[in-house]
């Protein structure tokens, strides 16, 4: 530092430190943050100019002369003992000393912690010595400059500060002789150096710093924190702040210039406080002065290498601040100006920087004036929305713009970016922009975004406040209403009425004693609960369910046999077994006077009426009907309910059925019981065991109700397609009633009596002369709908009538019934009302007319319209036939037989084909290949049949060595359909024998039966369905096991009509029926010619 500036700094140091530090940056008084920094800046600027300079160190200053000033040191030594004696004399000799002394006293009066009078006198004495040595210092500096032009000045300062002369208690230099001249600048704020070539770089995260705006940062690196503290002690608290490119980066040292933006700010550390809870970190308050740019980086590793060569002279901890004369002397001795050389002993990042200068601009430019005005307007808008922003604008305007805003557009752009929450790169662009015309629009963009955020925040705040106010108003009104009711004596929160309602319901029900006890307990609990309590609603829902179960409520049953018969015949054709069982059930109830619940299970293929028969039974018995399906059900809670501890718990489907039916004796249909699933929530089929057990369901326990419910009076009807997938314990609890498929005669009767009339009414042809002839229905059944049920037949009949309706409307034309005549009186009134509201519609599209919701009348078809749909014209309505022949083969070749199968879809004809793969030769090897998607049981039946027929051939046809040399292939058509079951044994054996004996079979013979290896024919199931399938396939003879004779006798005559049945116990009986005309001698020699050929002598044995 120049010697000429020493007096000014010494005078500044005479200002009491506590007067400045305590109100501005006291650690206990303020938290460092945006608002505290603004407040600090405002209070700092409100101080007199003489009090704005302060030291950054709180330690006492060590009294010692500047290095190299031997005269001062000797004077100090000579006058060490005479300080007190000479003070008064010095004051008398120079009246200006009194002025300095009075200023010192003034400082002491302001700050109680000011130095004692002895210390003040010593400080005045040092100032006097400085005055006397000013001339000598100036001469010494001039001589040094003259001797070596390469030696730089100590510390360069700004032009204004170098031009201003130092002032203090005495005038130094040439002003010493000007007595009586008043100096208005007794104390001045030290100026910021205009040139500072090397600074310590501190990386900043999230957002850059802008000149003129304080920023508090946290330093956790101990080396950086220590370096900052030493910089402040040396009176050189200047750093460079540069923004991280990665917004997630963190650190206090710059490792590479690629990590930060090269444009930053030259900032002064105005204060540093230790971090709370951390020993090494500090919180530093930075005040940026100007923009700078990195020219080169000295990484931490490089800066510490030269740390040993720097001057080790440092100030002790007890000093107030290091003497500026000492620093100046240290720097003068060096060859180059390096104010940060003492930082090289720390592993911090140092950068060489250069100042950035703003490009000249015209303040009167229209663009600058327009953008400046817009920024001011946006600031005003934000200030109206955000009070904190309004305070920031007020402080900024007071500090930065003593005059007109348009005179400082650069500062205005910086302010816009500093207070906005824009993106990192947007703010950095504002900082890097040195062209004012470019910087202003960029600042305006980020400020506009801040305005949008403020508007959105205000909108959200208003919406939330409105909702809260609405709730508060409702709550206040409710409380006021309660108070009014309390004053009128009609106070009631609804709980008393609710309790009374439950009591009234319970009085109408015949609750069992155990249920009544639980009801009273829960009702008492409800009476003592607050309506706002969460358990209040749980108890209320439970009592609601408890009082909605029809305890003791029964529907009056109809035990009339004739009435039940009429109802069942009206709804269904056939189904004699089901109807007889229901009539038996009614007869028993009529004799006993009461009916106990039963569990029936209707088993049959789809479309035979299992579900609809349940509704007919309920109507015949005059019982309420409830149906639910358990197909795919995996949760036990659907049957037995959830426990009340769960949120949203409900009872099971059985309790829900009782609530809906409001009787204890409804008919509950459990559909698709064979398709019930199993999951991690449990096994619902096991839950049905208690429900469907007549010995246990008298005290069925639902998890939600937790009280026994009597289900013994409920008639349960289950439906299933097959019984194989029903668990055996569950199947044992149900009474099975099998519904076989319908034969052609039954389908014809059902179509004529039920399906056709319903389809005519559904398609609007009830009063139209449209006839579907009997031949057409027979053709539909024969060529389109061969399944066991009538569901597909119903679809085809509806399709025929729909086509007929379209044909009639097309032939009559659109003018038969105009749109204005198609509306009913109600529809016309609605249309007129709509026209009054919306006005007359000049043009209405056809689509709008077609989609009107106004009621319409039916079209009256003239009596002249007649339409008859016969067999010949059926293809015009339903397309070509699906099944063209009655059977797969009109004539069977050897090896083909027709068996019978029973599936979930009903009975079906199962053909078995066997062929010889290779020609028979003495060298050929036997074998059997099987195809047709056969499952394990059928594969075993194939092996049994193969072994059995080889035994038959060996015994009855020993000369026929067919199976010893034949490579065979057996196949069952429709390979996409999985096939399984043991009833195809005799069919496979017959197919192999027919091929071995080369004897074709009669195509009208069908067979079914399980075969053992000894030839025994065992019992099979589904004889009715298989008989129906045989009739559809055109069979006239059926071979079945003798054990199924009872099933055959129970078949209706219409099913057995035209079919001859043969019951067999051994396969020999089957052989006699099928091969009655067989010539055994010829059959013995049928393959003799092929097997007697001598083997070829050539090596080509494969040539046939």
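From the backbone N, Cα and C atoms, a Cβ is placed for every residue, glycine too.
Looking at 825-857, 858-890, 891-923, the stretch flagged in Swiss-Prot as region 'Disordered' turns out to be 825-857. Feature annotation (Swiss-Prot): of 230-251, 252-273, 274-295, 296-317, the stretch labelled region 'Disordered' is 296-317. You'll find the Cα of residue 606 (ATP binding site) roughly 16 Å from the Cα of residue 1026 (active site). Looking only at Cα atoms, residue 983 (active site) sits nearest to 604 among the binding-site residues 604, 608, 609, 610, 611. Listed in sequence order, the residues of the same chain lying 6 or more apart from residue 611 (ATP binding site) and placing their CB within less than 8 Å of its CB are 627, 669, 671, 719. Over the domain 'Lon proteolytic' (891-1077) the predicted model carries a mean pLDDT of 89. With the fewest other Cβ atoms inside 10 Å of its Cβ, the least crowded of the recorded positions 610, 1026 in this structure is 610. Counting other Cβ atoms within 10 Å of each Cβ, the lowest count among the binding-site residues 604, 605, 606, 607 belongs to 606. Note on residue 983 (active site): other Cβ atoms within 10 Å of its Cβ, all shown chains, come to 28.
Taking the centroid of the Cβ atoms of 604, 605, 606, 607, 608, 609, 610, 611 as the ATP site, the other same-chain residues with Cβ within 8 Å of it are 602, 719, 721, 739, 788, 789, 791. Between the C-alpha atoms of residue 609 (ATP binding site) and residue 1026 (active site), the distance comes to 19 Å.
Distance noted between the C-alpha atoms of residue 608 (ATP binding site) and residue 1026 (active site) is 15 Å.
Taking all protein chains in view, 24 other C-beta atoms sit within 10 angstroms of the C-beta of residue 609 (ATP binding site).
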